[in-house]
């Protein structure tokens with residue numbers, strides 16, 4: 001049996017402000033830093049260790065990983081930084097308040113933009129300052145692969161090559177793997193691993209800063225998965241994520 005641990009970054013400044021973040025490189029709040037440190041302590045106390053870690057090129061995930069490694073005394077563990085683990089690109093919604101956007105367009109439309117599988121938000125113009133072109137993080141990524149908006153289907157297509165070419169082989173080689181990423185890049189992986197339908201993925205919410213453990217068989221098919229931490233607190237955190245895109249959340 002193999003184990004894989006996924007963790008969404010701790011609360012970011014734009015999580016706190018209830019804004020669509022996507023590829024905008026915002027940092028953690030003090031609460032987010034605390035959540036990440038607590039996740040590291042939970043993993044250490046539960047006896048986990050890691051041989052390799054994967055994260056995105058966005059600082060909220062990178063810093064979360066740093067905190068986890070620090071608490072576990074694993075700062076030496078090699079880290080793979082990949083744009084493929086970035087948050088889903090929210091296009092023209094990037095930076096907008098979720099509740100205000102819902103008040104303008106309706107809860108249902110914003111839910112579709114946030115959680116549907118194959119409907120992307122309106123795209124950025126290529127000349128928009130929020131577009132990824134020219135960002136040194138993506139200097140080695142072909143321009144045609146850089147998105148101006150994404151739906152979850154696009155995010156799955158972006159994440160899976162990294163899974164197939166690097167993460168899955170590492171797991172099969174017996175390495176203990178940690179992935180520190182984002183709500184939607186983790187949703188993409190969970191959808192793939194668990195075979196969740198396009199319709200059912202709408203209801204999946206990933207809480208900030210809570211380790212999600214997968215136990216996998218020899219074919220990397222999930223045997224079971226579970227969060228580490230207090231179940232009641234985790235349920236509240238998931239409910240809060242679900243509430244973010246509603247007009248009443250303002």
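Cβ from N, Cα, C; glycine included.
Annotation comment: Swiss-Prot describes 8-15, 21-22, 60, 87-90, 98, 114-115, 183-184 as substrate binding site.
Secondary structure at residue 9 (active site, tele-phosphohistidine intermediate), as computed by DSSP, is coil. Taking the Cβ of residue 9 (active site, tele-phosphohistidine intermediate) as centre and 10 Å as the limit, one finds 32 other Cβ atoms among all the protein chains shown. What Swiss-Prot lists as active site, tele-phosphohistidine intermediate is 9, and the listing cites sequence analysis.
All protein chains shown were included, and the count of other CB atoms within 10 Å of the CB of residue 87 (active site, proton donor/acceptor) stands at 26. Under the DSSP three-state reduction, residue 87 (active site, proton donor/acceptor) is assigned to coil, being neither helix nor strand. As annotated by Swiss-Prot, active site, proton donor/acceptor applies to 87, with the evidence given as sequence analysis.
The site 'Transition state stabilizer' feature in Swiss-Prot is assigned to 182; the stated evidence is sequence analysis. DSSP assigns residue 182 (site 'Transition state stabilizer') to coil, not to a helix or a strand. Sequence-distant neighbours of residue 182 (site 'Transition state stabilizer') (same chain, 6+ residues apart, CB-CB distance under 8 A): 8, 9, 56, 58, 60, 61, 85, 86, 87, 88.
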Quiz item: Among the binding-site residues 22, 88, whose Cβ has the fewest other Cβ atoms within 10 Å?
Solution: 22
